[in-house]
Amino acid sequence: MIIKKNKKIIVAMSGGVDSSVCAWILKKQNYQVEGLFMKNWEEDDQEGYCSSTKDLLDAENICKKLNIYLHKMNFSSEYWEYVFENFLKEYKKGNTPNPDILCNKEIKFNMFLNYSIQELKADYIATGHYARIKKINGKYLLLKGIDTNKDQSYFLYTLNSIQLRKILFPIGHLKKNKVRNIAKKIDLKIAKKKDSTGICFIGPKKLKNFLSLYISEKKGDIVTISGRVIGKHSGVFYYTIGQRQGLGIGGIKGEYNIPWYVVEKNIEKNILIVAQGSYNKHLMSIGLIAKNINWINYDQLSFPLSCMAKTRYRQKDIICKIEYINNHHIKILFDCPVAAVTPGQSVVFYVSDICIGGGIIESRLPLL
C-alpha cells in the first residue's frame, strides 16, 4: 500500500524483534514515526504470569536507538472487560477461546487504533504482524504474509475495510529470518530475543495452573467411548478437544498401549470422554457450525461458497464448502474429515492468499 512520505505513523512497540524492525523500516522510509507501548495486564498476581517490565525496557531502549518518541498506554481495564472476562466465560462453558484474536479485535485494532488516530493525530498505525494489505479495485483486502510459516492473517480476520485503510504491516512481505537479519544489521540488542508464544497474559506458565486461579476445580471421571471409567479429571474446562498431554492415564488393563486423546467434554455430567489414537474416528469432523461471522470486502460472496479454511493457527488450508443457515450462522463442510475441531476456536476462510473472513466455531459435525 503506497502512502505519502509526510504521514504520521504510530507503531505498536512490544519490545520484540518484529515491531522494532517495523519501526526501523518506516523510519528509514522517512515517515514521521512514533511508538506506543501497550500495557494490557496488571501485574498484581504473585505468580508473575505476565510481566511487561522487561518488554517496556526493551521498547524504551529500541526507541531511543531509533530516535523515536515512545508513548505508553495502559489498556488493562479494557483488556479485562472485553477480552479476559470473555475468555473465562467461554472456558466455563467448556469452550476453548482464542484471546489473541479478541485482543486484536478489541484492543490493538480498536482501542489502540482509535487512540492513535484521534488523540495522537496519526494518519496510520503499524504493527509487526506477518500479514499484508492490498488495495485492489478500490477495496482494501487482507492477505497472508509472505512467510507461510509465520503468517498471522488467521488472527486478523475480524478486521473491517475501515480499519484496513488505517493499518500498515511493514514486515508482511518479509520472511522471519530476514527480519532477524535486519535487527542484527542495525545492531538491536533484542535481535536474538525469542518470539512470544502462548496466550499473552499467561506467558510460559501452564494454562491449567493459570485457570485454577479463576475457575474452581470440579473433579469428575475420565471415561472411554464405551463408558468405562479409566481416570479422574480436575475440571473438564481445563482440557481441550484433541489434548493428549496431562490426562494422567496410560497402561490401562485391557486397552491397547496407544495414547489417549480428549474427544468430547460433557459439562452437564462433568465427564471427560477420551479415545485412543490421534486420528480415531471420534476425533474427526466432517464440518462445523460457525457464528459471529465477519466478511472482509469479498465481492463473490454467494452461497454455497467454495474456498479454503483453517480451524486453528498454522494448520494447512482445508478445502471446504460454506452453506448459509441464517444471518448469524453458517455451516462449513470439509472436503476430507478434520481432526480436533474445537468449539470456541476460530475458523478462517481464504481464497488463494486473500483472507475473506471467519467466525467462531460453535459446534462440530462429527464423522459418525
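Sequential numbering from 1, following the chain as shown.
The backbone N, Cα and C atoms fix where each Cβ goes, glycine too.
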Swiss-Prot annotation, ATP site containing Ala12, Met13, Ser14, Gly15, Gly16, Val17, Asp18, Ser19, Met38 - matching residue among Gly94, Gly128: Gly128
CB within-chain contacts under 8 A for Gln345 (site 'Interaction with tRNA'), separation at least 6: Thr96, Pro97, Asn98, Thr311, Arg312, Ile360, Ile361
Residue among binding-site residues Ala12, Ser14, Asp18 with Cα closest to the Cα of His129 (site 'Interaction with tRNA'): Asp18
Surrounding CB atoms that lie within 10 Å of the CB of Gly16 (ATP binding site), all protein chains: 20
Pairwise Cα distance for Asp18 (ATP binding site)/Cys103 (active site, nucleophile) [Å, integer]: 18
